[in-house]
Structures are given as C-alpha cells and as structure tokens.
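> Got a structure here, written out as structure tokens. Questions coming.
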Amino acid sequence: MSIKAVCVLVGSVKGTLNFKQDAIGSCTVTGEVSGLIPGKHGFHIHEYGDLTNGCTSSGGHFNPFKQIHGAPEDDIRHVGDLGNITADSSGVATVNITDRMISLTGEHSIIGRAVVVHAGEDDLGKGGHEDSKTTGHAGGRLSCGVIGINHL
C-alpha cells in the first residue's frame, strides 16, 4: 500500500508537488513549479510547516541527524537536502525526484514540514562558501508550502 502527500506552492513562484512512498522504501516527488528564473534552484524540505512569517518561519533544512549539508546522493547530508530543480527558458521546472532519506511515515516523517524553493543554485555543500555546509549557498526563499497527507 502506498502513502501519498501533496504540497501546494503559492505566490509568484507556484506549483503542486506530489509525494508517494510504498510501505518501506524510497519516496518519489513529482510535479511542476512555475514562475522561476531559468536555471537551477535549491529544493529542500525545511524543519517546520510554520509559514506565519512566510518561508522564513519554516526554519532550517530538516536535519534530525545533525549532519552537514550535502547532495541527495551523499551518505552525509541533511534529510531535507533534495538538491536542485531546473527551470527551463519559460521558468518552469518539472520535478521528478526519488529519494532514499525522506519518508512520509515514522519518527522522521516530512508530513507537516515545508518544501522551500530557493532563489539560487544549491552548491551541494561543495562550493567553499561560508554557508555551503549549512544551506548549500542557495540564496533566498522564493516559495514554500506545507506537506500534507493526500486523501487519494
């Protein structure tokens, strides 16, 4: 049996993201984000679903194991480190990510947490900037939404 969740991004950068996970295993994120500047944009799960102060109140990257920032394929990374999405010349990014660390169940579930799309490219912790090992030097927060259980 699969578990499904959804996240709706609103504002000038908007979209719908669908999450699907089989009972045990990787979680797949699919969807589309529009209104972006063409190029790569950091794409992360943040620790809180609190959007009372816009994306700022969503906290830092979801990092229950207290690791440094990294790429999705790295063994050492934040759970919420999903790398980058790439917007085409029309400003639309098609999302199709399968990740082994995010989960829709259990103690470290991402349900109720926020997805954040960033202004710049995530350097995956390898850029040598002061904030590379914490945020991937991905810049400001363009859009966010809370991940919720899908009734379908």
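Every residue gets a Cβ built from N, Cα and C, even glycine.
Per Swiss-Prot, the features are:
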BINDING   His44, His46, His61, His118  Cu cation binding site
BINDING   His61, His69, His78, Asp81  Zn(2+) binding site
DISULFID  Cys55-Cys144  disulfide bond
MOD_RES   Ser2  N-acetylserine
> Filter the recorded positions Ser2, His69, His78, Asp81 down to those whose C-alpha lies within 10 angstroms of the C-alpha of His118 (Cu cation binding site); answer none if the list is empty.
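Cα filter at 10 Å returns nothing.
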> Using a 10 Å cut-off, grab the number of neighbouring Cβ atoms around the Cβ of Cys144 (disulfide bond), all chains included.
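Its Cβ shell of radius 10 Å holds 24 other Cβ atoms.
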> Check the Cα-Cα distances from His44 (Cu cation binding site) to the recorded positions Ser2, Cys55, His69, Asp81 and tell me which is shortest.
Asp81
> For the C-alpha pair, I'd like the distance in angstrom between Cys55 (disulfide bond) and His46 (Cu cation binding site), rounded off.
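Given the Cα positions, Cys55 (disulfide bond) is 9 Å from His46 (Cu cation binding site).
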> I'm trying to understand the geometry here, so how far is the Cα atom of His69 (Zn(2+) binding site) from the Cα atom of the residue listed as 'N-acetylserine', in Å to the nearest whole number?
29
> Does DSSP put His44 (Cu cation binding site) in a helix, in a strand, or in coil?
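Looking at the DSSP assignment, His44 (Cu cation binding site) belongs to a strand.
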> I need the least crowded one of these recorded positions (Cys55, His69), counting other C-beta atoms within 10 angstroms of each C-beta.
Cys55
> Can you list the residues of the same chain, besides His61, His69, His78, Asp81, whose Cβ falls within 8 Å of the Zn(2+) site's Cβ centroid?
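In sequence order, the nearby non-listed residues are His44, Phe62, Asn63, Gln67, Ile68, Gly70, Arg77, Val79, Gly80, Gly125, Thr134, Thr135, Gly136.
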> If we check Cα distances from His61 (Cu cation binding site), which of the recorded positions Ser2, Asp81, Cys144 wins as closest?
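Closest by Cα: Asp81.
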> Which residues, in sequence order, are found in the same chain with Cβ within 8 Å of the centroid defined by the Cβ atoms of His44, His46, His61, His118 at the Cu cation site, excluding those residues themselves?
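What remains near the Cβ centre is Gly42, Phe43, Ile45, Ser58, Gly60, Phe62, Gly80, Asp81, Val116, Thr135, Ala138, Arg141.
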> Of the binding-site residues listed here (His46, His78, Asp81), which is spatially closest to Cys144 (disulfide bond) when Cα positions are compared?
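It is His46, whose Cα lies nearest.
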> Among His61, His78, all listed as binding-site residues, which has the most CB atoms within 10 Å of its CB?
His78
